[in-house]
Amino acid sequence: MISQQSAKHIENQWLALEIGNSRLHWALFMGESLEFTWDTEYLPESVIQQLGNGETKLEVGSEEKEIFFTFFPLPPAPCPLPLFIASVVPQQTVLWENYLNVRVITLDQIPLNNIYPTLGIDRALALWGAGMSWGFPVLVIDAGTALTFTAADGGKNLVGGAILPGVGLQFASLGQQTGQLPQVEMEAIKSLPPRFALNTTEAIQSGVIYTLIAGMRDFTEEWLSLFPDGKVAIKGGDRILLLNYLQALYPDLAARLIVEPNLIFWGMQTIVAGVA
């Protein structure tokens, strides 16, 4: 039997799901409050069906995994929490269409001006979340599978941005698409490599890291020259790694960056508040 207090918690709860290029990123909200976040690998269709039935202890292979335990009681089946999705992987989006209480957030729901049709929903939501949290104008750096720069001016107009391979993707492409270059693992890099390296592994590290940091510096300085009072926020799985390198090389510039991994979720929250 669910108490009135628990029922109130349940009524205000909803899930946000960002379907990224390599993983699923989750958030549990209590109304407008972000309670906590977690990541999972892509889930099998059978597990998605269990979630859609309101189950929280999921059978994944031979193991029972409590993927969706929370600090608040979850509703019993068949009443799954409302689920709002932002996806950059259409094949994954389709798998969630049978979830009983799902809404997919689309570009036309984001109140940015000058959006072009192929702008990634992740970039748009992160930009909107940053602007609504810290104000416009704002530049968002997303250090994920791709390293992206996305900016909006004080009138909430999309200024534009840029996309390039992220640090892991650059290492992987050199290791996989060349005949003799080794695969460099990011975990093996403990500090900045020598800029002029005397072995192949460190030469790859130097080339990738210093050019990425130079790109971050160039885009950030150009942005701040256009909008001296503008904000710069960084998110993404490699944010700490790249921010540490930027701090070591350009500490004054690094100090201008706002580190916030949940920009997309904050963007989703403002959209959900308007449609729920």
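Any Cβ shown, glycine's included, is placed from N, Cα and C.
Sequence-distant contacts (6 or more apart, same chain, Cβ under 8 Å) of Leu24 (ATP binding site) comprise Leu17, Glu18, Asp39, Thr40, Glu41, Tyr42, Leu43. Look at Swiss-Prot and you will find Glu18, Ile19, Gly20, Asn21, Ser22, Arg23, Leu24, His25, Thr145 tagged as ATP binding site.
Residues annotated as substrate binding site in Swiss-Prot: Tyr116, Gly120, Ile121, Asp122, Arg123, Thr200. With a cut-off of 8 Å between CB atoms and residues at least 6 apart in sequence, the same chain places Ala86, Ser87, Val88, Ile105, Thr106, Leu107, Ile110 near Ile121 (substrate binding site), listed in sequence order.
Under the heading active site, proton acceptor, Swiss-Prot lists Asp122, citing sequence analysis as support. Its Cβ taken as reference, Asp122 (substrate binding site) is surrounded by 26 other Cβ atoms within 10 Å in the chains shown.
The K(+) binding site annotation in Swiss-Prot covers Asp142, and the record cites sequence analysis as its basis. Asp142 (K(+) binding site) carries a strand DSSP state (E or B).
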Could you state the whole-number distance in Å separating the C-alpha atoms of Gly120 (substrate binding site) and Thr145 (ATP binding site)?
13
Checking your reading of the structure: which of the binding-site residues Gly20, Ser22, Thr145 lie inside a 10 Å Cα sphere centred on Asp122 (substrate binding site)?
Gly20
With an 8 Å cut-off on Cβ-Cβ distance and a minimum sequence separation of at least 6, pull the same-chain contacts of Gly20 (ATP binding site), or say none.
Val88, Val89, Asp122, Gly144, Thr145
